[in-house]
Amino acid sequence: MTGPAPDHEPPTRRRDAPAGAPHRPDAASAPDGEPRAVFAHSGTGSSTTPVSTAPGDRADPDAAATDPSSVPPRLPDWASLSPARRVIPSWTDPTVRRASDAIGGPLGRHAVVGRNRFLTPLRVCLLLAVLALIAGWLAKSPCIQQGPDGAGGFVLDQGGQRPWITGCYNDVVPLFGSHQLDVGSLPYATSWIDNGQVRYMEYPVVTGYWMWLMAQLSHGYQAVVESSGFLPVPLDVAAYFTIGAVALGLLYLWAVASTARIARRRIWDTAIMCASPLLVVHAFTNWDLLAIALTAAAMLAWSRDRAVLAGVLIGLGTAAKLYPVLLLGPLLVLCLRSGHLPRWARAAGAAAVVWLAVNLPVMLLHPQGWYEFIRLNSQRPAEYDSWYFIFQSLSGSTVFNAAPGESSPGLLNALSLGLFLVACAAIGWLALSARRRPRFAQLAFLVVAAFLLTNKVWSPQYSLWLLPLVVLALPRWRPVLLWQLSEVVVWYLLMLSFAGVDEKGLPIHPFLAAAIVRDVLLVTLVVLVLRDILRPSGDLVRMAGDDDPSGGVLDGAADRVVLPSLPALWRRRRTGNLPGPGPTSEPAGPARPSRPHR
């Protein structure tokens with residue numbers, strides 16, 4: 001998972017910078033503006049000659065260090081990776097630069113980059129993620145505190161509004177008993193009565209059986225510690241939560257490793273999803289890290305031009321949580337634009353086959369249990385975090401409630417779906433009409449963000465879905481960190497509103513205000529991504545020399561289908577002339593030689 005040792009890094013593929021892209025003298029300059037020594041290599045790789053770059057030089061000597069014909073597959077142990085091969089965040093991001101003052105300031109101009117065999121960027125990011133996950137477990141640990149039951153045993157201590165006051169609430173602990181996982185019941189085959197309604201496991205199949213597997217592991221652990229005679233015996237629900245947290249943590253490390261490998265020379269951007277306040281708060285609120293790991297792995301597979309494997313992982317992810325299937329939309333329009341629809345068909349076909357293979361046995365054996373996910377989501381009212389709930393709370397309207405005699409809120413369902421489809425259509429048009437083809441990660445982020453903003457259900461932990469996507473789509477620390485902090489505030493204000501004013505809690509209005517701010521900050525991220533699509537010369541990823549690191553076969557491919565933009569259509573309406581898409585003002589660079597299908 002950690003990849004090759006740093007001194008065995010393969011040469012990074014480099015494409016011509018797009019026409020009109022600004023020269024980046026800071027990419028090869030130390031923070032103080034003094035020249036930085038890099039190394040130009042002979043074609044045979046037998047010698048290295050230090051050269052100097054000064055800020056503003058148009059003839060960048062780093063070009064020699066990144067030209068595929070001149071970069072040897074192995075650099076000497078004493079040679080430093082040039083900024084063209086690894087972006088230095090403390091040089092290029094103002095937030096990171098200021099934060100680096102706490103550890104001595106930005107990287108020095110004479111520092112050797114990429115030669116540490118142990119503390120590689122990936123391992124540092126994994127370590128940060130481990131620390132955040134540990135903090136996440138500690139944040140939820142008050143909800144697995146135990147107290148005496150009065151009969152010599154122990155029970156879960158939920159007194160004093162503990163889940164709300166501490167913010168430790170999570171779905172994992174209460175569902176262990178309510179869904180009969182504590183007695184080993186099989187999901188989808190087991191039902192129970194809740195408020196007069198027959199209920200089944202309401203999660204998609206992969207998540208449901210994952211929960212059951214964690215319960216079986218916790219039962220096995222309990223049996224081992226009880227038979228040992230000396231190991232402490234925790235409550236079964238505490239063992240279940242902790243074992244599940246360890247498993248989810250390992251899955252998230254997989255997601256981090258996958259994202260880091262996609263990021264290429266901007267590998268340090270992965271720290272955004274590792275040193276994450278959002279991760280600390282919601283890593284173990286539910287089981288979403290399972291789908292997140294599968295989604296990140298699917299994007300890595302696609303970036304490696306392995307369409308079938310990407311489809312398999314998307315199918316598994318969709319069987320765990322609905323949102324991974326949304327990736328197929330951006331891939332469809334990008335493959336249409338680049339003429340690679342057969343690759344998309346292979347991925348979509350593999351996803352459909354895997355999803356059906358996982359779901360069909362449950363559909364046939366336990367149809368009512370399988371349908372519970374659809375039934376419950378169609379009948380759910382507006383979730384607290386959604387703008388529909390905010391609107392109803394502030395206006396006093398009941399327009400989004402289910403009609404009398406109806407079990408489902410028909411208007412709310414239709415409006416939510418309609419707004420999302422409109423957003424997808426707009427994103428698709430943008431992908432086909434932008435002067436330069438957007439990156440896969442940018443469109444994936446836009447689609448998932450649109451899903452959250454328009455959906456009637458925005459459970460707080462759903463925001464975790466965006467973490468790997470925002471790393472690849474918008475690697476800017478300040479706006480992303482502000483959005484994550486707003487998510488933390490939203491969560492704790494929601495918890496305090498559940499506690500109630502009489503129990504040292506808060507009224508709901510502070511939560512509503514925080515949710516509005518959170519929505520505005522997420523919309524700001526969307527606008528920033530749109531700006532990078534419309535003005536790709538300002539896209540940090542493309543500034544580093546890549547076209548589409550997550551694009552796989554799309555990376556550097558020529559366009560085949562380009563639609564006129566909305567301004568062009570407006571001019572056509574006014575003049576009556578048909579505008580063609582015309583040549584792209586910022587081409588992606590020369591198309592790659594065709595490769596055999598895998």
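Cβ atoms here come from the backbone N, Cα and C positions, even for glycine.
The shown structure was predicted, so the numbers you read here are calculated from the model rather than taken from an experiment.
Record features (TrEMBL):
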{"type": "COMPBIAS", "residues": "1-17", "note": "compositional bias 'Basic and acidic residues'"}
{"type": "COMPBIAS", "residues": "42-69", "note": "compositional bias 'Low complexity'"}
{"type": "REGION", "residues": "1-79", "note": "region 'Disordered'"}
{"type": "REGION", "residues": "572-598", "note": "region 'Disordered'"}
{"type": "TRANSMEM", "residues": "118-139", "note": "transmembrane segment"}
{"type": "TRANSMEM", "residues": "237-257", "note": "transmembrane segment"}
{"type": "TRANSMEM", "residues": "278-302", "note": "transmembrane segment"}
{"type": "TRANSMEM", "residues": "308-335", "note": "transmembrane segment"}
{"type": "TRANSMEM", "residues": "347-366", "note": "transmembrane segment"}
{"type": "TRANSMEM", "residues": "410-434", "note": "transmembrane segment"}
{"type": "TRANSMEM", "residues": "440-459", "note": "transmembrane segment"}
{"type": "TRANSMEM", "residues": "480-499", "note": "transmembrane segment"}
{"type": "TRANSMEM", "residues": "511-530", "note": "transmembrane segment"}
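Counting only same-chain residues 6+ beyond the ends of the transmembrane segment (440-459), those with a CB under 8 A from a CB of the stretch are 262, 286, 299, 302, 323, 326-327, 329-331, 333-334, 377, 380-383, 385-388, 400, 409, 412-413, 416, 419-420, 423-424, 427, 431, 465-466, 469-470, 472-474, 519, 522-523, 525-526, 529-530, 532-533, 548-552, 554. Counting Cβ pairs under 8 Å that are 6 or more residues apart, the transmembrane segment (410-434) and the transmembrane segment (118-139) reach fewer than 3 and are not in contact. Taking Cβ pairs closer than 8 Å, the transmembrane segment (237-257) reaches residues 1-2, 122, 125-126, 129-130, 133, 136-137, 140, 143-144, 146, 156, 170, 172-173, 176-177, 181-182, 211, 214-215, 217-218, 221-222, 270, 273-274, 279, 283-284, 287, 289-290, 292-293, 295-297, 468 in its own chain, all 6 or more past its ends. Across the candidate stretches 308-335, 347-366, 480-499, 511-530, the maximum count of CB pairs under 8 A to the transmembrane segment (278-302) is reached by 308-335.
Only residues 6 or more beyond the boundaries of the transmembrane segment (347-366), in the same chain, are considered here, and those with a CB under 8 A from a CB of the stretch are 188-189, 200, 205-206, 302, 307-312, 314-316, 318-319, 325, 328, 331-332. For the transmembrane segment (480-499), same-chain residues at least 6 beyond its ends with a Cβ under 8 Å from one of its own Cβ atoms are 95, 161, 163-167, 169, 272, 276-278, 280-282, 384-385, 460, 463, 470, 474, 505-508, 510-511, 514-515, 517-518, 521-522, 524-525. Long-range contacts of the transmembrane segment (511-530) within its own chain (CB-CB distance under 8 A, at least 6 residues past either end) are made by residues 384-385, 387, 390, 393-394, 430, 442, 445-446, 449-450, 452-453, 470, 473-474, 476, 479-480, 482-483, 486-487, 489-490, 493-494, 496-497.
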